[in-house]
Amino acid sequence: MLRRTLLCTALAFASAAVAVPAMAQSAYPDRPIQLIVPWGAGGGTDAVARILGTLLQQELGVPVNVVNRTGGSGVVGHSAIATAKPDGYTIGVVTIEIDMMHWQGLTALTYKDFDFLAMVNADPGGVMVSVDSPYKTLPDLLAAIKEKPSGTFKASGTGQGGIWHLGLAGWMLSHGLKPDQVTWVPSQGAAPGITDMVAGGVDIVPTSLAEGRSMIDAKRVIALGSMSPERQELFPDAPTLKESVQSDWTLAVWRTIAAPKGLPEDVATKLGVALEKAYNSPEYKKFMTERGFGMRWADGKEATRIVSEDDATLGKIMKEAGFAK
Amino acid sequence: MLIFEQAAALVFDPYVLGVILASAIFGMLVGAIPGLTATMATALLVPMTFFMDPVPAIAAIVTATAMAIFAGDIPAALLRMPGTPSSAAYVDDAYKMTQSGRGDEALGAALVFSAIGGLFGSIVLMTLAPALAEVALRFSSEEYFWLVLLGLSCAVFVTPSSPTRGLISLLFGLFVATIGMENPSGEPRFSFGNLELMAGIQFIPAMIGLFAISEILRTVTATIPRQKIPRSDGHGIFKTQWKNLKKYPVQTVRGNITGTALGILPGAGADIAAWISYAISKRFSKTPEKFGTGHVEGLVEAGASNNSAVSGAWIPALVFGIPGDSITAIVIGVLYIKGINPGPTIFINDPQTVYAIFMVFILANLIMLPLGWLAIRGARPMLSIPPSTLMPMILIFCIVGAFAIANSTAGIVMMLIFGIIGFFMEENDIPIAPAILGMVLGPMLEQNFITSMIKADGDIFRFFERPIAGGLGVFTILIWTLPLVMLLLRRRKQARLAT
């Protein structure tokens, strides 16, 4: 058993190696490709990049190396992608933060500095409360938020001005409430925020429902709503904001694969095709659904459209909430 | 009993055992190279685990991390390059032991007591996980605030010389922790518009700089030729540990319990555990003056503590899917991929797999002993290399490590700057350890203080309102004021006697 599995693995690697010269004849790619991840090893973006990198490697026949360039709330890594040579040998994962950080005055970099190849994932936001919360439905919670003085309710799940903070502010604004009607308690991410909510520290966590999945399964957290146009497959009991409280607010964090601006047409096409194949592989689908990540495909053109629309929406909210510089 | 048999069948399969051995060697190599962390080892393993069954996949990660964390002690003891913040707590003792020819004993202690700590943590995980995870859920920012303050108080104990110098060092560390924009307000501080500084001071390069680069500088500038390190006899790796275990049984047990308890709390973890254990050890030691001069006692307790904390971190991860550290964060992802959904029902739905994971924990901690022994023996020739050859080699390792942490040259620059700072600190008898403590705990202190204040709308008494927070708060304040009260009482008594 051991020998057979090892043999299989060895064969798999060997065939990948043999595939290299065969495919290299068509010019691109003939050497390893670098896939830059602006976030740390072990996080969600890193995990998506690593599975996608492994699959791309099989498609393209050259090694795809995942490189984490962390720091500066994503600015460092995004800059590294944008300023690389647009030859197709440096690509990267561009996340929704690209639509936020230039409004905050952290960098001059915007989505316009990239050529988007594909969108490979999107996770809609949600509204979660602890099982001990007196509010069991979204209309109940919203009525209480409206009725009680501003600041009575506390929410957490990202840093100050982070994406889910904006998600909450956007939801409040859609009901004509002040963006800071619910006080934001900054946290180091969704998991600490959810833990703190269960410990009784905060009332609401508006992050993606996937991040609360284990606690929802453990019946410690209730998913009251989803910030998506339709209900999410994994969380069928969570109504959309539209059907529950007639809010038009939707927000999803996405991950795209992008290259520096100015990528040659043929390289972009080749990468786009390879990405689509990787996306449609059973391995990718299994990985994403098991992890609770939302499947979302958009080709380069559509991805650019979504990214630019979100840029405008987030910019508006950040200005109203006072985060824009 | 049937479940145990099924679990054993899952683990004692030649393929699984092969995976365990391979990942043990992999973890040992990654851990022994400073700058490459256990987290990195785990992240690198993830794509490989895609092709494995659940048990070997988890086994690979468990084994590699346990090994990497122990192996981090090897460069710490031999070259004064701690691989993790938790091994920084006792790096000076380990390094000084090596300098006086007791390197085998130091590393042996790190190895044996790491294994003991790991085994203890695993047993707690196996028997009490669901109940303890409930306790972890009661901790909010107020409780963590007090825990961090308790941790900071340890600075007093990790300072060998005068408390004032310790305080200078601690405040320096706390200042470094404020740099960047990873703070609750999200505003960049002391970054001067520099992109790299905006990310904050990277911890590992700073630590390598403070400890290792400063040591290189000292060797280079030393006017007195360095004393040759006496050779150790080579049979002492395990033999001396039996003696240490008999001599320090209380320390071992205390380290195990402290480590496991702090490991279970998702906001605390192995880093705080090692420091608090080292401080406890010194506080209750019969010979506190020997700490920091190459004394094995603190190493025993803190070494046991950080490994048991690593096992402890799996408790909230398995029971509630709450990551206690960056490693368990990755593991939770792998568990989901493998269809083992963390949650209270994991013990009911998937008992064979869970018990197989427990067995892997035990196996990993046992296999650590022979492999660690080999690694220690293998690393020993490094000590007989003359400094003129060794120091450039260490420098190369430092540069690789500082670069690898974020794949950026900024790490190297930071490391060199901190090396110079560390050199001047030590030349002026300012200890380095409290600065590291400040850098580890500074961000946590700020985060927990600010979030508690926001939640309480600025009411400072909220720190005492929740029962656990109140208890911890009173306990912390007592620890601070007790020596003062005792002093006053004694003075009064003396005054009364005098009249």
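Even glycines carry a Cβ here, placed using N, Cα and C.
Looking up the ranges B:167-185, B:433-451 in TrEMBL, the one annotated as transmembrane segment turns out to be B:167-185. Proximity of the transmembrane segment (B:144-160) to the transmembrane segment (B:197-217) is not established, fewer than 3 Cβ-Cβ distances being under 8 Å for residue pairs spaced 6 or more apart. Confidence for the domain 'DUF112' (B:17-437), expressed as mean pLDDT, is 83. Contact check: the transmembrane segment (B:313-337) against the transmembrane segment (B:57-79) gives at least three Cβ pairs closer than 8 Å, residues 6 or more apart, which meets the contact criterion. Count of Cβ pairs under 8 Å against the transmembrane segment (B:353-374): among B:106-132, B:197-217, B:394-424, the largest is for B:106-132. Using the rule of three or more Cβ pairs under 8 Å, pairs at least 6 apart in sequence, the transmembrane segment (B:197-217) is in contact with the transmembrane segment (B:12-37). For the transmembrane segment (B:394-424), the list of distant contacts is 33-37, 40, 75, 79, 81, 196, 199, 201-202, 204-214, 216-218, 432: same-chain residues at least six beyond its ends, Cβ to Cβ under 8 Å. Under 8 Å from some Cβ of the transmembrane segment (B:167-185) lie the Cβ atoms of residues 152, 155, 159, 191, 197-201, 206, 425, 430-443, 445-447, 450-451, all in the same chain and six or more residues away from its ends.
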